[in-house]
Amino acid sequence: MKSEGGMTMYASGANQLYHLMHYAFAFWLLYSFFPRHMFADHSEDAAERFFARYMWAIFLYIIVGYVLVATKLFEVLAIIPLVLVFIYRRFLRRGAREDREEAAAGMAVIFYNTIEIGFRVRQFIDFYRYRLVGLWKPRAWVGSFRRSGVMASLVLVVVLCLSAYIRFYEAMTNPAPSMSDAYVVLAWMKYNELRMIFPTGIYPQGNHLLLAYLHKFSSIDAVYVLNYNGPMNAMMTIVGMYFAVSRFSGNCVAGIVSAALFGLFGYMLLGGEWERQIAANSQEFAGLFIFPVIYFYYKYLRDGKKEDLWVATVGCTITGLVHTLIFAYIGFGMCTFIGVSMLFNFKAHRRRIYFVVLFGIAAIVISSSPIVIARWFGIEYYGSSSDYLVSQVRAAVPELKVKDYLALAGMGMTLIVGLLSRKGRSGETPDLYIAALGIASFLLYYFGASLTNSEVLLTRRDNLWVFSLILSLGYAWAVIWRFLERVPLKGKLELALCATLIGMGLYHGALKPISSYNMEWPSGVEQYLKISSSYPPKTWLIVSQDEGYDLVFDKGYHMHLGDFLDLYNPTEPPLIRKGEALPDKSIAKEVFVYHEKRVFRGLKDEKMQIIYQQREIDNQRFEQWIALFKQVHGDADVYYEDDNLAIYHFQLPDPDRDKNTRIWGG
């Protein structure tokens, strides 16, 4: 078939709605519904409750995932009973018979309510329409402006919606995974689903295990899960920034400023790293925990509630199970907070500091356990990541820009205010903690790579610095408005200024969807999705370049184009190996060969140029191969064709299929 212009099948509204609904359901089930019933309330603050449950759930899923993969039991039928055990665990303990019966009755009510409201569409619509109609009262909204944060919430919703638009646009219009790391992530997700632990070497599998959970519960192709999860991680990071800054400062507008800085204007802060916002990489997933974790650490040092320490430790441990660099950075922030407590409030915080250190050691032990156990079984480290971790390069100090000077000014102001206001407040305000973390992060950003010659710090210093930069700027906003407390209409003026600045920024800097480089033609990925949904699993083979292996793995079979050309004779009936007389029985009956009319070039580094040159040679060889095939057999079956790509379809003899055709016709 010849491709036609216009919207592709992948980008069609119906296709995206179908897959987004499946993904959203799995996300809600795993990170909202299950946690709400598995874990007790952490706080009266709804946002604190959400993040506490969210982090506890992720920690549990990763630990359980490791155990189930290692024991070859990673399946939905094994996961669901474990979730139910955690839901009922408090009721399985010894207690009054009446309590257990009441709890069981309560769970039955939840179940039947879910059946009657959640799955009966008409009742579901009526249930929520009643609430939405009650909320849609513009006059009441305007009137409540004097009494509540409705307008602030509206500004926040606008920021989040625009942030979601620029992040999800690529995932909803381009099927090709973003960035080269995506194919490794895709393969590791599938390895975990097949209960294969560390098949290519040791690397923290937390992110890939969670992707496997989402894939199992959403029942959509892994490519959709991969494409959606990158933007979702970025959105959770933005929400985490709003949550932490607004709670640190007690100022929701300061949280909106932080969310807007990262969500809408992050391209000014991250530069070339901005494209990572739509990639489902481990670093970006781990990064979403930085703000909530440091907030809960501070809250424990301030209030001494063990629940906060448990949540902070769980969040810290998650990052250790996902990405080592982010884990180290959170440890860096934790040590900074400990230093501030020791300098300014050691007597009151001595016992709390002791527990933070003790729980921090426990986080290190738990995070490193999978690696230690794997090494005990003789598994080696994943080659490229271990080399990258220890690689050395000559690095200069970064050139400071306006954003850096603004952040430094904010840190300096926060530090001065914290020192001046400390008297009489027992160090209860977070001013000194925020200032110390910002200054320490700047020193790491400015001197870390040049002093250590670490390639990791050189290439990731911008990513780490931007977190403290946003925290410092957002908190500085709150400090400034703290001094304007007596100004008439202060709340309205602050929100109006925030909204005006966001609007001006959007007006002068065009709001563009984030795009990233790909590794193959999007049409090739789209045709893979069509093939995999049109033919039963393991009945088809795709012949293409290296990226095709990770796409096809676990659903069909894959062969490299160069190997195909070396193995099969174009002048014999398809597909007969050279030197043989009968069709190859070792491959699938449906074979799809990808021929790139123009080789896709996604990267410009020297190593990839060598690979691209070889692909040019392979595709030229295939042109000769298919020309010989057509001379002997006539036209080949073209499954798909556009200006860049042609896909040829070959069918091997299948006695069962031929017999069914004779019986049923067609």
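For all residues, glycine too, the Cβ spot is worked out from N, Cα and C.
Per TrEMBL, the stretch carrying the note transmembrane segment among 50-67, 464-481 is 464-481.
Note on the transmembrane segment (353-377): residues 66, 197-198, 202, 204-205, 297, 300-301, 306, 309-310, 312-313, 316-317, 319-321, 327, 331, 334, 337-338, 341-342, 346 of its chain, located 6 or more positions outside it, place their CB under 8 angstroms from a CB of the stretch. Of the candidate ranges 76-92, 149-169, 310-332, 464-481, 464-481 has the most C-beta pairs within less than 8 angstroms of the transmembrane segment (248-270). The transmembrane segment (20-39) shares the most Cβ pairs under 8 Å with 76-92, out of the stretches 76-92, 149-169, 310-332, 464-481.
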